[in-house]
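Since the structure comes first, as structure tokens, the remarks are kept for the end.
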4 protein chains.
Amino acid sequence: MELWFTELQTKAHGITTKVKQTLHSEETKYQQLDVIETEEFGTMLVLDGMVMTTDKDEFVYHEMMSHVPLMTHPQPKKVLVVGGGDGGTIREVLKHPSVEKAVLVEIDGQVIEYSKKFLPNIAKELDNPRVEVLVDDGFMHIHQHKNAYDVIMVDSTEPVGPAAKLFEKGFYQGIYEALTADGMFVAQTDNPWFHGDLIRKVFADVKDIFPITRLYTCNIPTYPSGMWTFTIGSKKYDPLSASLPGQLDFETKYYTPEVHQAAFALPKFVKDLIE
Amino acid sequence: MELWFTELQTKAHGITTKVKQTLHSEETKYQQLDVIETEEFGTMLVLDGMVMTTDKDEFVYHEMMSHVPLMTHPQPKKVLVVGGGDGGTIREVLKHPSVEKAVLVEIDGQVIEYSKKFLPNIAKELDNPRVEVLVDDGFMHIHQHKNAYDVIMVDSTEPVGPAAKLFEKGFYQGIYEALTADGMFVAQTDNPWFHGDLIRKVFADVKDIFPITRLYTCNIPTYPSGMWTFTIGSKKYDPLSASLPGQLDFETKYYTPEVHQAAFALPKFVKDLIE
Amino acid sequence: MELWFTELQTKAHGITTKVKQTLHSEETKYQQLDVIETEEFGTMLVLDGMVMTTDKDEFVYHEMMSHVPLMTHPQPKKVLVVGGGDGGTIREVLKHPSVEKAVLVEIDGQVIEYSKKFLPNIAKELDNPRVEVLVDDGFMHIHQHKNAYDVIMVDSTEPVGPAAKLFEKGFYQGIYEALTADGMFVAQTDNPWFHGDLIRKVFADVKDIFPITRLYTCNIPTYPSGMWTFTIGSKKYDPLSASLPGQLDFETKYYTPEVHQAAFALPKFVKDLIE
Amino acid sequence: MELWFTELQTKAHGITTKVKQTLHSEETKYQQLDVIETEEFGTMLVLDGMVMTTDKDEFVYHEMMSHVPLMTHPQPKKVLVVGGGDGGTIREVLKHPSVEKAVLVEIDGQVIEYSKKFLPNIAKELDNPRVEVLVDDGFMHIHQHKNAYDVIMVDSTEPVGPAAKLFEKGFYQGIYEALTADGMFVAQTDNPWFHGDLIRKVFADVKDIFPITRLYTCNIPTYPSGMWTFTIGSKKYDPLSASLPGQLDFETKYYTPEVHQAAFALPKFVKDLIE
């Protein structure tokens, strides 16, 4: 049967992928949540019609969001993940033994529940005792916690709907205050082919607040354009000068120390966005 | 009007992009050739249903194919491009003043003709006096020229149809012989998400023949998975040890000396393909 | 190349048809006008994204709009076509020798021009001396002509955009006055599967004004649901009691005297709409 | 979420309909079976990628297949349905009190099972004591029963896959022998827009065997072209001369005595197929 899921990533371009079956469909309090089984990418989590993560390529996003800051910070103990209800970022964070506590603040509890049910390989560490899961507003959580986290990861959806305020300057200021004196944060900041303006704006906002601001990229097949960016704001440690080991103590499928460095070498048109 | 072009990049996944109008459609002696005007990527050249190049993102492929080897080789004088009838690789090759002659051997003359007509910004150097354009079989050309080229670029379509033999070991042996004593070649070698086996095989074949073999990647939104690879076989010069300038003498939109280095830092799952 | 035109006929259902090439695309003063060459239906005229007519199935609509009223009226001399800029209805009207003058009032001159250019078999009688072509507002024309036409045919687009006012009761009152004492009109009135409410409303409006009101159907593959309706309002002659010949004096591909009668035998759920 | 089911009804044309969820997917012994919930047509049964029936428009096919022969035959007692595992035809057959026994011979037991589960309104009479359900090969059943049925209904899938032999002349000869001396049969015979050749061939084959052969049509939105045909072969009673009541004793949504008559008034291009 020809059953295809299509995500229009811009008004005039998108991906289309063959579907075996729908696993769950629900309009939660915050968004439309769908879990589908695709032929090419396995189980896929879709929020408001946009691919969030898939069995086949989830490791790229989760590794690159987590390990770049955690390999930069010399001793991260307390980590906050804002959003990220699928648990993939948490799973990677826990690979770092220095982390004593990882707090997940996801606004939509249904994302957590159905990720546990249908994406067990991604969500598998959500019940780990080092993890605290809060179904709450990450924006509020940030503003209620001062000097509390060594690393904050903004693992949000696109800047529409519930996540819109997570791309505003005020939020980055709140993050600054929620971080410890040598803390740093990372946020997913979309792709440069269709959303260069967003990258430029976020980078400028973060740069106004943090002494060290960096942009890096990775390749995610199911995300618009296949190239994804992350923006780091750091009070003290520079990911470009991180003291990286020759070999990692944990397993990865995308991140390596070499990839860490290389991810900051921006294509000229991307570099131009932030200079 | 909802008019969409869809390329199934695998049996179960593809891209879909909105079309303003068709500019040319023809079954040439070798393949189906279509030129369409899209909303998101401007003019798009499509061969046998597969996107070859577009106004918006063509620079990535053409820069990364050309400048990596040409910045590695200290004095490339004679360059051969096999395929590449759209002229984009030639355009980039000519940015290197050391190049005295660039030969394009494209089997399908219609690709050249309609690229000149509809993709003038890409094809614009095809009439440059330093360029020799041959409508001929690149496979035969390689085998008829010994010790003739400093750099050879295999700018082919996918390993189906007329380009299949350009992915065979015998072809790489022919290239070896067509190269000068310190020559090198580069070939586009598809993406690691859907065609890891091809990358593994080509890399092994090239490694059997050339003392130096390297794989590098870039991001192309309209190509499958958004990540593309190139394989280099070199007799003497290693692109990883290239002596690169702080700044380029020519304009680019993707390639920079930093990107040159970084492109060889492979994601773990890609590295695993060739080790 | 996989190039497909899709018309969503409702928010959740539509047709998709393979396209060989675009022939013309233009935003006219009134609407988006596209002419495309399809594999299955030949040349297709598309207005505001909706299929208007195609080479392969145009005869159904044009024959059924024209011959039902013209075979009912014993001596139609003056005929008005409102809309119908492709000329197909006019072509059928001229098959009736009693018709001395057929006036076409099409608001969008570009529809006429490009139908003549790309749909010559449909538009071929537009230059016939018995035809008067006016590029004008049919709504105004109706209101400026009293007691002027024996038969009026409302060959409009859907009740959105420029044609919306052609589905209002005031328009039917205007038609009543524009008709001669024994005149009749016919209007296309969409399909009963997705627009039962429109059929019900138009039928009731016409019934308030005309002593004889009838609904009939035909099958058009490229129109929503494949079933199309026409509504007739008549001052004197009843299409159900028309004195039809055993054989037609002209050639047709859909209409026959038997089909004339049968077209008024409504499926139960359609009959229920108007009772 | 944009999840669409597409059926290509020809190589270059099809329908596309929005899907809420998949209800069941299975490769049975005979075919791919899918049950999906669509926005426009409710629950939809799909076999080998082709729409078989939907909540919204199933009544047309089932009423028109059943009531035309059963209102023609003066006293049908034993009725056989070949195929029709969804039960819709059986449901309509049972509306005729003269029918003492209705036998359903469906080759694929999974069609019956999942129709009962997901299409209860269609399958609801399958457990009626007047019904005998056999999971068996209808072709064999026909050849093993002589002079056994007053009316036989061939409610098959398209002439590809398991149903191919149900469109061969030998099958119609077998039906002739399985019928009582005044028996008749009806078969669905696809649409005249894309499969005129099939209609022509089946009609000629049936005409060679049966003294009375008739073709009639109806409108089904989810079937190719929206127009569907049925072919009747009858030993004695002519559906065109059936003695029909002014009003039916049972409820219908499409069939009426008027529609019965009108369904045989063929559009000229369809009539030409069988003359």
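Yeah, the Cβs are placed from backbone N, Cα and C, and that goes for glycine too.
The domain 'PABS' feature in TrEMBL is assigned to A:2-235.
Residue density at A:Gln31 (S-methyl-5'-thioadenosine binding site): 22 other Cβ atoms are found within 10 A of its Cβ, drawing on all protein chains shown. The feature S-methyl-5'-thioadenosine binding site is assigned by TrEMBL to A:Gln31, A:Glu106, A:Asp137, A:Gly138, A:Pro162.
A simple way to gauge crowding: the CB of A:Asp86 (spermidine binding site) has 27 other CB atoms within 10 angstroms, across all the protein chains here. Taken from TrEMBL, the feature spermidine binding site applies to A:His62, A:Asp86, A:Asp155, A:Ser156, A:Thr157, A:Glu158.
Annotation comment: TrEMBL describes A:Asp155 as active site, proton acceptor. Cβ-based neighbour count (10 Å, all protein chains) for A:Asp155 (spermidine binding site) stands at 27.
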Inset, instruction - Write down the Cα-Cα distance for A:Glu106 (S-methyl-5'-thioadenosine binding site) and A:Asp86 (spermidine binding site), rounded and given in Å. - result: 9
Legend entry - CB contacts for A:Glu106 (S-methyl-5'-thioadenosine binding site) [other CB atoms within 10 A, all chains]: 25
Inset, instruction - Consider the binding-site residues A:Gln31, A:Glu106, A:Asp137 and say which one has the Cα lying nearest the Cα of A:Asp155 (spermidine binding site). - result: A:Glu106
Inset, instruction - By Cβ count within 10 Å, point out the most packed of the binding-site residues listed: A:Asp137, A:Glu158. - result: A:Glu158
Inset, instruction - Could you tally the C-beta atoms, other than its own, that fall within 10 angstroms of the C-beta of A:Ser156 (spermidine binding site)? - result: 22
Inset, instruction - Provide the three-state secondary structure of A:Asp86 (spermidine binding site) computed with DSSP. - result: coil
Legend entry - Top Cα neighbour of A:Glu106 (S-methyl-5'-thioadenosine binding site) in the set of binding-site residues A:His62, A:Ser156, A:Glu158: A:Ser156
Legend entry - Same chain, 6+ residues apart, C-beta under 8 Å of the C-beta of A:Thr157 (spermidine binding site), given in sequence order: A:Gln31, A:Leu47, A:Asp48, A:Met50, A:Met52, A:Gly83, A:Ala163
